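Notes to accompany the following structure.
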Amino acid sequence: MSLFSLGGDQVLRLQAETEDHVQLLWELKRDLKSGVDFWTHGFSTQRPVDVFVPHARLNAIKDILTENNITFSVMINDVQELLEMERAEMMGDVPKGRSIKTFNFAAYHNLDAIYSFMDTLVASHGNLISKVNIGSTFEKRSMYVLKFSTGGEKKPAIWIDAGIHAREWVSQASAVWIADRIATDFKDSRAPVPSILSKMDIYLMIVANPDGYVFSHLSTRPFHRLWRKSRSLTSNPNCPGVDLNRNFDAEFSGPGASDDPCGEDYRGPSAESEIEVKNIVNFIKSHGNFKSFMSLHAYSQLLMYPYGYTNADAPDKPELHEVATQANRALNSWHGTIYKVGSIFHTIEQASGASVDWAYQQGIKYSFAFELRDTGKYGFLLPADQIQQHSSMRLFLSFVLLLAAVHCEKLFNGDQVLRVYPASEEHIQLLRKLEEEVLEPGVDFWTHGFSTERPVDIFVPHDGLVAMKDFFTENRIPFSVMINNVQDLLDLEKAEMVSNAGMERNTKSFNFAAYHNLDTIYSFMDTLVASHPNLVSKINIGNSYENRPMYALKFSTGGVNRPAIWVDAGIHAREWVTQASAVWIANKIASDYGVDPSVTSLLGQMDIYLMIVTNPDGYVFTHTSNRMWRTGASKDPCSDSYHGPYANSEIEVKNVVELIKGHGNFKSFISIHSYSQLLMYPYGYTCTGIPDQSELHAVGTAAIKELSTLYNTRYQVGSICKIIYPASGGSIDWTYNIGIKYSFAFELRDTGFYGFLLPANQILPTAQETWLGLKYIMKYVQAHPY
C-alpha cells in the first residue's frame with residue numbers, strides 16, 4: 001500500500017466463477033509486489049472478494065481480471081474521498097470536556113480520547129467499573145481493560161475485545177458504546193445486565209492493538225488509515241508489524257497465516273511472540289475462570305465460532321451453532337440485519353493462530369468472533385453515522401450470547417449446600433412445609449425423609465442464603481455449611497473433564513476415572529460391542545423426548561428369552577457417579593467373562609441388560625446447561641420430583657416399561673442412584689412391608705457386607721419408605737408389582753460431603769465396591785430361580 005497515494009485508489013469486488021479464477025486470486029494475494037490489499041478472504045465461487053487497488057496499479061489489475069474473464073465491479077470509486085470525509089467529521093468533533101453526557105458516541109475517536117473516556121466512565125461508576133492495565137505494547141503504550149464487577153474474587157467472567165486489527169474502527173467505536181451501555185443498563189432492573197453482573201464479571205478491552213490504532217490515525221493516507229497489524233519490528237525493516245490475530249498458540253504457523261513479514265496476515269516468528277498477545281494470554285490464564293470469549297472485528301456481518309485452523313467441527317459445534325443462530329434471529333428482529341453463522345473455517349477462511357480458537361482450546365466454550373457491518377459498500381470505512389445503530393445492535397447480540405452462556409450453563413457461584421439437623425417433631429414439620437412451599441426461589445432438597453435420626457441436605461442459591469439461615473436460626477434448627485461454594489466443585493469437575501477430552505476411545509485407553517458426556521459414553525458402548533461381539537450387543541429400546549436413542553447393553557452367551565437381570569443408571573440426570581460407575585461395570589462384565597468363574601457361570605445361564613444412561617435428555621442438559629438438573633414425584637411441574645401428568649406419560653419410562661414387559665422373563669431389576677450409601681427394596685409408596693421383605697432384607701444385608709469388604713464403605717439396608725422417604729411412582733415398586741421379586745435400588749457414595757458432585761477420583765472406588773454388591777445379588781438370583 002503506497003504511502004504517497006494522492007487519490008484514485010479503488011476497492012474492487014471480484015467474483016470467481018471457476019477454480020481457475022480461485023487459483024488466480026490466490027496467486028495475486030501471494031504476489032506482494034502487486035500492491036493490492038485483499039479486504040476479504042476465503043476465495044470461493046460462492047462469495048465475492050473485495051480488493052483495495054492503488055491508483056498506480058488499477059489499469060494493470062483490471063487488465064489481468066479482464067484477460068482471465070473474472071467479473072468485477074467498483075465498490076469504492078475513490079478511497080481518498082471517504083478518508084477525507086471521515087477526517088472532516090472527526091475534526092468537527094473536538095471533545096467538549098470530560099463528560100459522558102457530552103461524549104459523542106456517533107463519532108470515531110483516537111486512542112487518547114478513548115482512554116480519557118474510560119477514565120471518565122470509571123470515575124462516574126466507581127462501584128462498578130475499574131480500569132486494569134494488563135501490560136504495555138511494543139511501543140510502550142498501556143493496554144487497558146475495563147472490568148465491570150459487583151465484587152468478589154475471580155468470579156466467572158466474560159471477555160470482550162475489539163480492535164485487534166487496527167483499521168477496523170467500527171469495532172473500537174462499538175466497544176466504547178457497549179462500555180457505556182453496560183454501565184447505564186446496570187441501573188435498570190429490567191435490563192439483563194444487573195442479573196448477569198450479580199453472577200459474573202465482564203472484561204472489555206476496547207483497543208486490543210493500541211500501537212496499530214495510533215498509526216491508523218496518523219494521516220488520511222491509506223497507508224496509515226488502512227493499517228491492520230501491530231507495529232513491532234520484523235526481520236524485514238521495510239515491513240513492520242504482525243497480524244496479532246494469527247499469533248496465538250492455536251495451531252500456530254498452520255495454513256491461513258503468512259510467513260512473510262510483508263504479508264497483511266503475517267503470523268510473527270513464533271506463537272505469542274508479540275507482547276500484546278502475550279499480555280492478553282497471561283491475563284486470561286491467570287484469571288482462570290472465563291466462561292465466554294468474544295472478539296469484535298469488521299467487516300462482513302458474520303457470527304463465527306471455532307475452528308478457524310481446521311475444517312473439523314469443534315466438539316461443542318451443535319450448541320455453539322444453536323446459540324449463534326438464536327442470537328442472529330434476535331438481531332434480525334432488532335434491526336433487520338442478517339448475519340451469516342458458522343465456523344470461521346467454513347464461513348470466511350482458514351486461519352491459524354486466531355484468538356477464538358485459542359480461547360476455545362483453553363476450555364472457554366462460548367468463544368465467538370463477530371465481523372461487524374457492513375457487507376462491503378464501505379468496508380473498513382463505515383461512516384460514523386452508523387456507529388450507534390451498529391453498537392446497539394452489536395450489544396444486543398452480544399448479550400443474547402452472554403445470556404446463553406450464563407443461563408444455558410447455569411452458574412452456582414456463591415451457592416451453598418446446608419446440612420440441617422432436625423431435633424424435634426416441630427423441626428420436621430417446618431422442614432416439610434419449607435419443602436412444599438419453597439420460601440426462597442431455587443432451593444433444592446438434595447435429601448429427604450425428614451427424621452430426627454438423620455440430617456437433611458439443602459441446596460440454597462446465594463441470593464437466598466441470608467433468609468434461609470435466618471429461618472433456621474429463628475426456629476432453632478441446627479445447621480452447618482456442607483459445601484461452601486458449589487461453583488468451586490463444578491469448576492474442578494469441568495477442569496478434569498477438559499483435561500480428559502480427546503483421549504482415544506478404546507477400552508484400554510478409556511479413562512474410567514473421569515466423567516464423560518453422552519456422545520463419549522455411546523461411543524464407548526460401540527467400542528465395547530466391537531471388542532466383544534460374541535458377548536455384548538447394543539439395543540435401541542426407543543427414543544427420548546428430544547429424539548435421542550436410548551441404548552441398553554445386552555450381555556448374553558446365546559439363547560432366546562433367557563432369564564435376565566436388568567440394571568439401570570442415571571434416571572436422575574445429575575447423579576453422574578451412577579452413569580460413570582455403570583460404564584466401568586459394563587467393561588468389568590465383559591472383561592471378567594471367561595476369567596471370573598462366577599461371572600462366566602452367571603452368563604452361562606442368564607442375560608444381563610445394562611442401561612448406562614436412562615435419562616439421555618436430562619444428562620445432556622446437565623453437561624450443557626444446568627449441572628444440577630434432575631427431573632423426575634411432585635404435582636408441581638417446577639419441582640425436581642414432578643411425576644408427570646399420568647403414569648408412564650414420559651416416553652423414556654414407556655420405552656423401559658415396554659422392553660421389560662415385552663421380554664417377560666426378568667428375574668431381577670436393579671436401579672442405581674446417588675447419593676447416601678443405601679441399598680433399598682420396595683415399597684416406596686407405602687411403609688407396609690412387602691410379602692418378600694425378609695428375603696430381600698437378608699439379600700441386601702449380605703450384598704452390602706460384600707460391598708464393604710473392599711473399602712469398608714458402610715451402607716444401610718431397608719425399604720425405600722422407611723429408610724429415606726415415601727416416594728410414589730418409583731421404578732422398583734413397579735417392577736416388584738409385576739412379579740420381578742428381586743427389585744433393588746442403590747444410592748451410591750457419598751453420605752453428603754460432596755453430594756451429587758462426587759470428585760472423579762472417587763468414581764473407580766465407587767464402581768468397584770458397587771460391583772461387589774451387584775454381583776452378590778446377581779449370583780443369589782441365579783441360585784434362587786422362581
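Cβ coordinates are placed from backbone N, Cα and C, and glycine is handled just like the others.
Where the annotation comes from TrEMBL, it is an automatic prediction and has not been curated.
The Cβ of GLU371 (active site, proton donor/acceptor) lies under 8 Å from the Cβ of HIS297, ALA298, TYR299, SER300, GLN301, LEU302, LEU303, MET304, ILE348, each of these being in the same chain and 6 or more residues away along the sequence. Look at TrEMBL and you will find GLU371 (among others) tagged as active site, proton donor/acceptor.
In the shown protein chains, 23 other C-beta atoms lie within 10 A of the C-beta of GLU747 (active site, proton donor/acceptor). DSSP gives GLU747 (active site, proton donor/acceptor) a strand state. The active site, proton donor/acceptor annotation in TrEMBL covers GLU747 (among others).
Across the domain 'Peptidase M14' (107-405), the model assigns an average pLDDT of 89. Summarising the annotation, TrEMBL assigns domain 'Peptidase M14' to 107-405 (among others).
The annotation domain 'Peptidase M14' is assigned in TrEMBL to 514-781 (among others).
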Coarse DSSP state, helix versus strand versus coil, of GLU371 (active site, proton donor/acceptor): strand
